[in-house]
């Protein structure tokens, strides 16, 4: 076997008949499969051992030669070579056809490749191939035209008239002769001449033909090879036949299809030998053609051949296509051994980097390791004995198992794996029971809960795999989410409520005003019942020497609560003492107002002081982010574990319960509802008098009820008791929100009807009072719609992710700096007066392109080509800078990827991105993963103008597929002033006139359009005239590529930020760059490119560079925006495209062009089984030998620590 890692590239082409015969180990002459009595393959049949190899290892068919010592001998009795039986997976046979047959892919595809080469319509071809018409091959001296079609009757008449002067034929033979007669070089020359003055349809057809003919010329494929004289028979183990219990056989559909071909072929041979009448032979040839069509692509033409139960048979094409096809089922995703799956349960006793593995599972998963160790320790005499011990679960085994799993990480995966955090590594800890235990903080990344979820476990076997799992995939590393760089492991539910309860303050609790010398004393007093967790007390600051207090503060007494003191004890030593949930306290240190000056009375101090709110979920996340920034991975993991333990501990002690008494009624409710009824009556009266339209009435009624619900909600919030458990849950961020409470204690409000419209009839009751039958019935619809929406959304979002990954999978960080001189000018993204994405978020973690100056003092804040970290970003924003020019993926010059500087910081680690990072895949996952959180609806802006604004998931799809947007905005094609907006009620339109410097344009808009400009405004080219979505295809024609890219980026960010989902700009930039990487050639100049060709920008530049060097005229082109599906299919890798969609079309085209797949992306390498060119698979890293490093102790998780150790070792040598 060739070593797949030595492949440079992979090429596909058409197979000539000789090539097919050279692959073959023998001709299959009979349709027999296996003998039903002896179960041995039949001679010359589809499973013949002489052709395909022996069915048993090292054993010929008749049994004369057995054992490996006869390797390579061909048996003189049965003719079978003695070799391994697995050759039956690779040896092919062939069928010698009695008449040529066309290949359906090349005749039927759109456009028909045969039709283009022969310049004939697919309809004419079909008539010839299936023996309905004759075609003139040589016209001789007759008035007939070459390639003219003749019906049976016409043919007989012409034959009688001209005799053998002309030649006509039918079937694939005729097509083959015509194809052989095509002079490709001459055709190409003629077509180039035609192109010089052709236009319209004629030109399009000529370009298409020239494209195919040039493809044949350059690839060295012969057009006649589209017609086959012999067809290959795939190896028998790829189309197996197995015996079921009860003596029946199950076989692959391919065997049936091959049998039909062989039967018809043999019958045709016999008829030809018998010199049968032409019409019978013709019919048999047609049937042979149809049988071969069915074998290659059943159902492409005519009715599909059906098997038992009228099920269409699966042909060779179907074996490749779709989710169950070879590409997606077996090449891109395989089932692996050393894996298991089980239900998950919570493991609060685990550390961040651990998971609980049931003993039975561990025994099976680590079986070979245990066997080896048992033999090594002489607890078993041999491997067989060791295996028996494991199967009987001997006592010796458990001790060995403990040692074997020590420091051997395992991977856990939960489906659906929406982003890279769906697979993480943990160290196993043995647990009893049958459920795997998952660390509660890892739930958020996996989106797991413990209501019956299952997870899969995989064991990395090789040393390299284990090292990679430990250093790169350990759960303790994955603290930040790759999509936005915010912590993804934040305490939730019980942990939040515990820490919330712990940091709560109450006035007048027992022991208030006591002063302690240190935390220990305070804790003892709490345990003995002298003070409460919520009591406000004083603690000597001098007892906390590590904390960053100011010199003045160190002499004072800190006024805090016992709970807060306990909470602060889990934070890293030098971290500020947190006494209030504010950013100031987090970053600048504890405010002075919480310190008792010497001699001051603590009780008076407390009387004057306000209650400080407890620490909520968001603040806990801020703490984690800050600790991560200052202390990195290890300290953060420790803090998280402590926060988890403390949270669970205190939430148990808090004794939080929920009873019906916690839901209190609202006495103002009847009055609010009565007022609403009154308003609704007034509105109805106005409608009856004809003062308002029905639409307006509807809108106003809905408004009234929404106001009523909001009033009730507001009153509820005001009447809340701070120690109400339900309030505590929602306030702390542990579970639920205010609207849940409104439904329990206020009113449920308006519901949507099945058609999606909101019903005017509100539900006035709440769940505490109980709903009436009608109210209950109305509300059930909403519940059902919620479920179906979620299911649809999941499917749509998953498909979106798949397309995104496919288009960006080859974007990898390939170099340090591409040296571009272009940058992206950015400012905050605004929608009206609302900030969608602030400048701080957009510049953080990016490189500057130009120096940033202070707008007031003109001092330099940041030089150029500097990475902007949090401090610099704050500096820039605080100085009042509104626009920064940064390095961006849009302007990166790196071929097939991006460079470190244009990408900036890796959001998942907070450090600079490294060469080899697969940023394209991460970007696709970051955009796709939150897809399930986006809404599915199209919002109606309502009112008279029933404009639909697409939002949520449909809008994202609309943008990335560059479809014509709904609610499209007209854009101005000139820069100038809006002179006039006049309405024309008769035609229900508005005319907008824009006067530019050179010309004036008038645009017609619908009367209901809401204007984005007003008279006298100065606008730029590409500005929207009315409110709506701009069509990017139109924008790219009017403006430049960068403006279009910027617009798309803004639009995507708007959708996500409106729904409260934060995604880093760089992810969106990478996706949009992939949509705009092609250009369409307008004028080829002196290059070899055809006009109208789609080319990669990089290839286009190379082509022009070569032409310029040779002194020719370069080609001109215009940028093209492709939707992601189209962009993924237009990639340079045919393997990647074929495994994505439209498999047969992609392969047909690639074969004719003799395409070469350079194996640049991830997918194509996975398909052929080569190491992927990302991470340690990059060519740069391929030849580094791993160093021997001792055992990595529990505390060391980070790569940088290891690198330091290695450098120190090197230095000491």
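Glycine too: its Cβ is placed from the backbone N, Cα and C atoms.
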May I ask you to find which of 443, 892 Swiss-Prot records for the Zn(2+) 2 site already listed with 818, 899, 902?
-> 892
Got a sec? Which of these binding-site residues, 60, 78, 899, 902, has the most Cβ atoms within 10 Å?
-> 902
By the 10 Å Cβ-neighbour count, the most surrounded of the binding-site residues 449, 451, 453 is 453
Under 8 Å by Cβ from residue 62 (Zn(2+) 1 binding site), same chain, sequence gap 6 or more = 75, 77, 78, 80
Report, in whole Å, the straight Cα-to-Cα distance of residue 451 (Mg(2+) binding site) from residue 902 (Zn(2+) 2 binding site).
-> 44
Residue 451 (Mg(2+) binding site) versus binding-site residues 60, 818, 892, 899 - nearest by Cα | 899
What does DSSP say about residue 902 (Zn(2+) 2 binding site): helix, strand or coil?
-> helix
Taking the mean position of the Cβ atoms of 818, 892, 899, 902 as the Zn(2+) 2 site, which residues outside that list, in the same chain, have a Cβ no more than 8 Å away, listed in sequence order?
-> 815, 817, 820, 887, 889, 891, 893, 894, 898, 900, 901, 903
Site with most surrounding Cβ atoms, counting all protein chains shown within 10 Å, from the binding-site residues 75, 818, 892 = 892
Taking the centroid of the Cβ atoms of 60, 62, 75, 78 as the Zn(2+) 1 site, which other residues of that chain lie with their Cβ within 8 Å of it, listed in sequence order?
-> 61, 63, 64, 65, 76, 77, 79, 80
C-alpha spacing of residue 899 (Zn(2+) 2 binding site) relative to residue 453 (Mg(2+) binding site), in angstrom | 40
In DSSP terms, helix, strand or coil for residue 60 (Zn(2+) 1 binding site)?
-> coil
CB-centroid shell, 8 A cutoff, Mg(2+) site 449, 451, 453, site residues removed = 344, 448, 450, 452
Rounded Cα separation (Å) that holds between residue 60 (Zn(2+) 1 binding site) and residue 449 (Mg(2+) binding site) | 57
